[in-house]
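What TrEMBL says about this one:
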type	residues	note
TRANSMEM	20-45	transmembrane segment
DOMAIN	38-289	domain 'G-protein coupled receptors family 1 profile'
TRANSMEM	57-83	transmembrane segment
TRANSMEM	89-117	transmembrane segment
TRANSMEM	129-154	transmembrane segment
TRANSMEM	193-218	transmembrane segment
TRANSMEM	239-262	transmembrane segment
TRANSMEM	268-291	transmembrane segment
Amino acid sequence: NSSDLSPSFILASIPGLEAVQSWMAIPLCSAYILAVTGNCAVLLVVQMEPSLHAPMYFFLCMLAAIDLALATATVPRILSFYWFDSREIGFGACLLQMFLIHTLSAIESTVLLAMAVDRYVAICHPLRHAAILTNAATAKIGLLAMARGVLFFLPLPLLLLPLPFCGSRGLSHSFCLHQDVMNLACANTTPSVVYGLTAILLVMGLDAVLICLSYILILKAVLRLAAWRERLKVFSTCIAHICVVLAFYVPLIGLSVVHRFGKDLAPLVHIIMGNIYILVPAVLNPIIYGVRTKQIQRRIL
(Lines of atoms letter the chains of each structure in order from A; the text may use other names.)
(Lines give C-alpha, C1' and ligand atoms only; values in the text may rest on other atoms or scores of the structure.)
Protein backbone atom coordinates (compact mmCIF):
# COMPACT_ATOMS: atom_id res chain seq x y z
CA ASN A 1 0.00 0.00 0.00
CA SER A 2 2.98 2.33 0.18
CA SER A 3 4.96 3.82 -2.68
CA ASP A 4 8.21 2.16 -3.68
CA LEU A 5 11.10 3.93 -5.38
CA SER A 6 12.52 0.65 -6.72
CA PRO A 7 9.54 -1.54 -7.55
CA SER A 8 9.28 -4.60 -9.70
CA PHE A 9 6.73 -4.85 -12.49
CA ILE A 10 4.54 -7.71 -13.66
CA LEU A 11 4.75 -8.57 -17.35
CA ALA A 12 1.47 -9.10 -19.17
CA SER A 13 0.41 -12.65 -19.91
CA ILE A 14 -1.81 -13.72 -22.81
CA PRO A 15 -5.35 -13.15 -21.53
CA GLY A 16 -7.34 -16.36 -21.19
CA LEU A 17 -4.43 -18.46 -22.47
CA GLU A 18 -2.19 -18.52 -19.40
CA ALA A 19 -2.48 -22.33 -19.18
CA VAL A 20 -1.17 -22.84 -22.72
CA GLN A 21 1.12 -19.84 -23.10
CA SER A 22 4.17 -22.13 -23.08
CA TRP A 23 2.84 -23.52 -26.38
CA MET A 24 2.06 -20.01 -27.62
CA ALA A 25 5.73 -19.18 -27.13
CA ILE A 26 6.75 -21.64 -29.86
CA PRO A 27 5.71 -19.34 -32.79
CA LEU A 28 7.43 -16.45 -31.00
CA CYS A 29 10.61 -18.48 -30.58
CA SER A 30 10.45 -19.59 -34.23
CA ALA A 31 10.11 -15.96 -35.38
CA TYR A 32 13.08 -15.00 -33.19
CA ILE A 33 15.24 -17.81 -34.63
CA LEU A 34 14.24 -16.72 -38.15
CA ALA A 35 15.14 -13.10 -37.35
CA VAL A 36 18.53 -14.06 -35.90
CA THR A 37 19.31 -16.41 -38.81
CA GLY A 38 18.23 -13.94 -41.50
CA ASN A 39 20.04 -10.93 -40.09
CA CYS A 40 23.22 -12.90 -39.35
CA ALA A 41 23.12 -14.18 -42.93
CA VAL A 42 22.92 -10.61 -44.24
CA LEU A 43 25.89 -9.54 -42.09
CA LEU A 44 27.92 -12.55 -43.18
CA VAL A 45 27.11 -12.17 -46.88
CA VAL A 46 28.06 -8.48 -46.98
CA GLN A 47 31.28 -9.19 -45.08
CA MET A 48 32.31 -12.03 -47.41
CA GLU A 49 31.33 -10.43 -50.74
CA PRO A 50 33.70 -7.57 -51.76
CA SER A 51 31.26 -6.33 -54.42
CA LEU A 52 28.77 -5.51 -51.62
CA HIS A 53 31.19 -3.22 -49.79
CA ALA A 54 29.19 -0.12 -50.69
CA PRO A 55 27.15 2.41 -48.65
CA MET A 56 23.77 0.83 -49.49
CA TYR A 57 24.87 -2.55 -48.10
CA PHE A 58 26.64 -1.03 -45.11
CA PHE A 59 23.33 0.63 -44.20
CA LEU A 60 21.68 -2.76 -44.62
CA CYS A 61 24.22 -4.23 -42.19
CA MET A 62 23.38 -1.49 -39.70
CA LEU A 63 19.69 -2.40 -39.98
CA ALA A 64 20.51 -6.08 -39.44
CA ALA A 65 22.61 -5.32 -36.35
CA ILE A 66 19.90 -3.06 -34.90
CA ASP A 67 17.19 -5.67 -35.50
CA LEU A 68 19.34 -8.35 -33.85
CA ALA A 69 19.94 -6.14 -30.81
CA LEU A 70 16.28 -5.11 -30.51
CA ALA A 71 14.96 -8.67 -30.76
CA THR A 72 17.60 -9.99 -28.34
CA ALA A 73 16.81 -7.25 -25.80
CA THR A 74 13.20 -8.39 -25.59
CA VAL A 75 12.35 -11.84 -26.94
CA PRO A 76 14.55 -14.02 -24.62
CA ARG A 77 12.98 -12.28 -21.61
CA ILE A 78 9.49 -12.86 -23.02
CA LEU A 79 10.28 -16.53 -23.64
CA SER A 80 11.57 -16.98 -20.07
CA PHE A 81 8.27 -15.55 -18.88
CA TYR A 82 6.15 -17.78 -21.12
CA TRP A 83 8.13 -20.97 -20.46
CA PHE A 84 9.20 -20.55 -16.82
CA ASP A 85 6.45 -18.20 -15.57
CA SER A 86 9.03 -15.55 -14.69
CA ARG A 87 6.54 -12.70 -14.74
CA GLU A 88 8.38 -10.26 -12.49
CA ILE A 89 10.95 -7.83 -13.87
CA GLY A 90 13.02 -5.55 -11.66
CA PHE A 91 12.86 -1.77 -11.87
CA GLY A 92 16.44 -1.37 -13.16
CA ALA A 93 16.07 -4.18 -15.71
CA CYS A 94 12.79 -2.67 -16.91
CA LEU A 95 14.32 0.79 -17.37
CA LEU A 96 17.30 -0.69 -19.22
CA GLN A 97 15.04 -2.69 -21.55
CA MET A 98 12.87 0.39 -22.14
CA PHE A 99 15.95 2.50 -22.97
CA LEU A 100 17.27 -0.11 -25.41
CA ILE A 101 13.93 -0.50 -27.21
CA HIS A 102 13.40 3.23 -27.74
CA THR A 103 17.04 4.01 -28.52
CA LEU A 104 17.43 1.18 -31.04
CA SER A 105 14.15 2.19 -32.70
CA ALA A 106 15.44 5.76 -33.02
CA ILE A 107 18.73 4.52 -34.53
CA GLU A 108 16.83 2.35 -37.02
CA SER A 109 14.66 5.32 -38.01
CA THR A 110 17.78 7.41 -38.66
CA VAL A 111 19.37 4.64 -40.75
CA LEU A 112 16.18 4.34 -42.82
CA LEU A 113 16.36 8.10 -43.46
CA ALA A 114 20.02 7.74 -44.53
CA MET A 115 19.02 4.95 -46.92
CA ALA A 116 16.32 7.21 -48.40
CA VAL A 117 18.92 9.94 -48.95
CA ASP A 118 21.21 7.32 -50.54
CA ARG A 119 18.43 6.40 -53.00
CA TYR A 120 17.76 10.10 -53.71
CA VAL A 121 21.42 10.85 -54.48
CA ALA A 122 21.82 7.66 -56.57
CA ILE A 123 18.78 8.51 -58.74
CA CYS A 124 18.79 12.31 -58.86
CA HIS A 125 22.57 12.94 -58.77
CA PRO A 126 24.16 9.67 -59.98
CA LEU A 127 27.47 11.26 -61.01
CA ARG A 128 28.00 12.67 -57.51
CA HIS A 129 26.84 9.57 -55.61
CA ALA A 130 30.27 8.00 -55.14
CA ALA A 131 31.78 11.32 -54.03
CA ILE A 132 28.99 12.18 -51.56
CA LEU A 133 28.32 8.79 -49.95
CA THR A 134 31.79 7.41 -49.38
CA ASN A 135 32.52 4.60 -46.94
CA ALA A 136 33.87 7.16 -44.46
CA ALA A 137 30.68 9.22 -44.73
CA THR A 138 28.61 6.05 -44.18
CA ALA A 139 30.54 5.26 -41.00
CA LYS A 140 30.00 8.82 -39.73
CA ILE A 141 26.27 8.54 -40.42
CA GLY A 142 26.16 5.31 -38.41
CA LEU A 143 27.92 6.96 -35.46
CA LEU A 144 25.62 9.99 -35.73
CA ALA A 145 22.56 7.71 -35.71
CA MET A 146 23.80 6.03 -32.52
CA ALA A 147 24.57 9.35 -30.81
CA ARG A 148 21.20 10.77 -31.83
CA GLY A 149 19.28 7.80 -30.44
CA VAL A 150 21.16 7.78 -27.13
CA LEU A 151 20.99 11.55 -26.57
CA PHE A 152 17.28 11.81 -27.34
CA PHE A 153 16.10 8.76 -25.37
CA LEU A 154 18.50 8.56 -22.42
CA PRO A 155 16.35 11.13 -20.51
CA LEU A 156 13.30 8.80 -20.63
CA PRO A 157 14.50 6.37 -17.91
CA LEU A 158 16.14 9.22 -16.01
CA LEU A 159 12.79 11.02 -15.76
CA LEU A 160 11.12 7.86 -14.44
CA LEU A 161 13.91 7.02 -11.98
CA PRO A 162 12.80 9.35 -9.13
CA LEU A 163 9.05 8.69 -9.50
CA PRO A 164 7.21 6.66 -6.83
CA PHE A 165 5.13 3.69 -7.95
CA CYS A 166 2.15 2.41 -6.03
CA GLY A 167 -0.99 0.42 -6.69
CA SER A 168 -0.98 -1.75 -9.80
CA ARG A 169 2.37 -2.97 -11.10
CA GLY A 170 0.95 -4.81 -14.11
CA LEU A 171 2.27 -3.83 -17.54
CA SER A 172 0.16 -4.10 -20.69
CA HIS A 173 2.99 -5.75 -22.69
CA SER A 174 5.42 -8.60 -22.15
CA PHE A 175 8.26 -6.05 -22.14
CA CYS A 176 8.82 -2.50 -20.88
CA LEU A 177 7.85 0.60 -22.84
CA HIS A 178 8.08 4.19 -21.62
CA GLN A 179 4.41 5.09 -21.68
CA ASP A 180 3.42 1.75 -20.18
CA VAL A 181 5.74 2.18 -17.18
CA MET A 182 4.98 5.89 -16.85
CA ASN A 183 1.24 5.22 -16.47
CA LEU A 184 1.92 3.17 -13.31
CA ALA A 185 3.58 6.07 -11.46
CA CYS A 186 1.58 7.69 -8.66
CA ALA A 187 3.06 11.16 -9.19
CA ASN A 188 3.00 13.97 -11.71
CA THR A 189 4.24 12.52 -15.02
CA THR A 190 3.80 15.67 -17.14
CA PRO A 191 7.57 16.12 -17.79
CA SER A 192 7.81 12.49 -18.95
CA VAL A 193 4.74 12.84 -21.16
CA VAL A 194 5.95 16.07 -22.77
CA TYR A 195 9.53 14.90 -23.28
CA GLY A 196 8.53 11.46 -24.58
CA LEU A 197 6.16 12.96 -27.16
CA THR A 198 8.74 15.60 -28.15
CA ALA A 199 11.49 13.01 -28.61
CA ILE A 200 9.31 10.79 -30.79
CA LEU A 201 8.20 13.72 -32.96
CA LEU A 202 11.76 15.07 -33.36
CA VAL A 203 13.21 11.67 -34.25
CA MET A 204 10.69 9.25 -35.76
CA GLY A 205 8.25 11.97 -36.84
CA LEU A 206 10.89 14.16 -38.48
CA ASP A 207 12.54 11.15 -40.13
CA ALA A 208 9.21 10.02 -41.59
CA VAL A 209 8.60 13.50 -43.06
CA LEU A 210 12.10 13.64 -44.58
CA ILE A 211 11.75 10.14 -46.03
CA CYS A 212 8.48 11.17 -47.69
CA LEU A 213 10.17 14.33 -49.03
CA SER A 214 13.03 12.24 -50.44
CA TYR A 215 10.58 10.03 -52.31
CA ILE A 216 8.64 13.00 -53.65
CA LEU A 217 11.89 14.29 -55.17
CA ILE A 218 12.73 10.79 -56.45
CA LEU A 219 9.28 10.47 -58.03
CA LYS A 220 9.67 13.83 -59.77
CA ALA A 221 13.03 12.73 -61.18
CA VAL A 222 11.62 9.38 -62.32
CA LEU A 223 8.62 10.98 -64.03
CA ARG A 224 10.98 13.17 -66.08
CA LEU A 225 12.28 10.05 -67.81
CA ALA A 226 10.79 9.49 -71.25
CA ALA A 227 10.11 5.74 -71.34
CA TRP A 228 7.84 3.92 -68.89
CA ARG A 229 10.15 0.91 -68.89
CA GLU A 230 13.04 3.11 -67.82
CA ARG A 231 10.90 4.72 -65.11
CA LEU A 232 9.96 1.33 -63.68
CA LYS A 233 13.55 0.11 -63.83
CA VAL A 234 14.84 3.14 -61.90
CA PHE A 235 12.03 3.18 -59.33
CA SER A 236 12.32 -0.59 -58.75
CA THR A 237 15.65 0.09 -57.00
CA CYS A 238 13.60 1.76 -54.24
CA ILE A 239 11.03 -1.02 -53.71
CA ALA A 240 13.01 -2.91 -51.07
CA HIS A 241 13.64 0.26 -49.06
CA ILE A 242 9.97 1.30 -49.25
CA CYS A 243 8.91 -2.13 -47.94
CA VAL A 244 11.41 -1.90 -45.07
CA VAL A 245 10.18 1.60 -44.18
CA LEU A 246 6.58 0.34 -44.10
CA ALA A 247 7.60 -2.70 -42.01
CA PHE A 248 9.11 -0.30 -39.44
CA TYR A 249 6.65 2.60 -39.37
CA VAL A 250 3.31 0.75 -39.69
CA PRO A 251 3.79 -1.31 -36.47
CA LEU A 252 5.26 1.77 -34.73
CA ILE A 253 2.23 3.90 -35.63
CA GLY A 254 -0.14 1.05 -34.78
CA LEU A 255 1.42 0.61 -31.33
CA SER A 256 1.32 4.38 -30.70
CA VAL A 257 -2.37 4.52 -31.68
CA VAL A 258 -3.17 1.58 -29.39
CA HIS A 259 -1.40 3.34 -26.49
CA ARG A 260 -3.00 6.73 -27.07
CA PHE A 261 -6.55 5.76 -27.99
CA GLY A 262 -6.92 2.04 -27.22
CA LYS A 263 -7.42 2.03 -23.46
CA ASP A 264 -10.73 0.22 -23.91
CA LEU A 265 -9.30 -2.39 -26.26
CA ALA A 266 -8.81 -5.98 -25.11
CA PRO A 267 -5.40 -6.65 -23.46
CA LEU A 268 -4.66 -9.20 -26.18
CA VAL A 269 -4.54 -6.37 -28.75
CA HIS A 270 -1.80 -4.59 -26.78
CA ILE A 271 0.27 -7.79 -26.51
CA ILE A 272 -0.10 -8.66 -30.20
CA MET A 273 0.76 -5.13 -31.35
CA GLY A 274 3.79 -5.07 -29.06
CA ASN A 275 5.13 -8.37 -30.39
CA ILE A 276 4.52 -7.24 -33.99
CA TYR A 277 6.44 -4.01 -33.32
CA ILE A 278 9.42 -5.95 -31.95
CA LEU A 279 9.60 -8.86 -34.38
CA VAL A 280 8.06 -7.91 -37.75
CA PRO A 281 10.90 -5.60 -38.94
CA ALA A 282 13.56 -8.04 -37.70
CA VAL A 283 11.96 -10.95 -39.57
CA LEU A 284 10.95 -9.12 -42.75
CA ASN A 285 14.00 -6.93 -43.43
CA PRO A 286 16.43 -9.74 -44.41
CA ILE A 287 13.68 -11.47 -46.39
CA ILE A 288 12.85 -8.29 -48.33
CA TYR A 289 16.45 -7.52 -49.21
CA GLY A 290 17.20 -11.18 -49.86
CA VAL A 291 14.38 -11.33 -52.41
CA ARG A 292 15.09 -7.96 -54.02
CA THR A 293 18.90 -8.05 -54.15
CA LYS A 294 20.39 -10.47 -56.69
CA GLN A 295 23.90 -10.22 -55.25
CA ILE A 296 22.67 -11.36 -51.82
CA GLN A 297 20.60 -14.14 -53.40
CA ARG A 298 23.57 -15.48 -55.35
CA ARG A 299 25.92 -15.36 -52.38
CA ILE A 300 23.45 -17.18 -50.09
CA LEU A 301 22.84 -19.87 -52.72
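Cβ from N, Cα, C; glycine included.
In TrEMBL, annotation is done automatically, which means it is predicted and not curated.
Highlighted: of the candidate stretches 57-83, 89-117, 193-218, 57-83 has the greatest count of Cβ pairs under 8 Å to the transmembrane segment (268-291). Residues 11, 13, 21-22, 24-25, 28-29, 32, 35-36, 39-40, 42-43, 46, 89, 97, 100-101, 104-105, 107-108, 111-112, 114-115, 118, 135, 138-139, 141-142, 145, 174-175, 244, 275, 278-279, 281-282, 285-286, 289 of the same chain, all 6+ positions outside the transmembrane segment (57-83), place their C-beta atoms under 8 angstroms from a C-beta of that stretch.
Scored by C-beta pairs under 8 angstroms, the transmembrane segment (193-218) has its highest count with 89-117, from the stretches 20-45, 89-117, 129-154, 239-262.
Outside the transmembrane segment (129-154), and at least 6 residues removed from its termini, the chain residues within Cβ reach (under 8 Å) are 53, 55, 58-59, 62, 99, 102-107, 110-111, 114, 118, 121-122, 199, 202-203.
On the 0 to 100 pLDDT scale, the domain 'G-protein coupled receptors family 1 profile' (38-289) averages 91 in this prediction.
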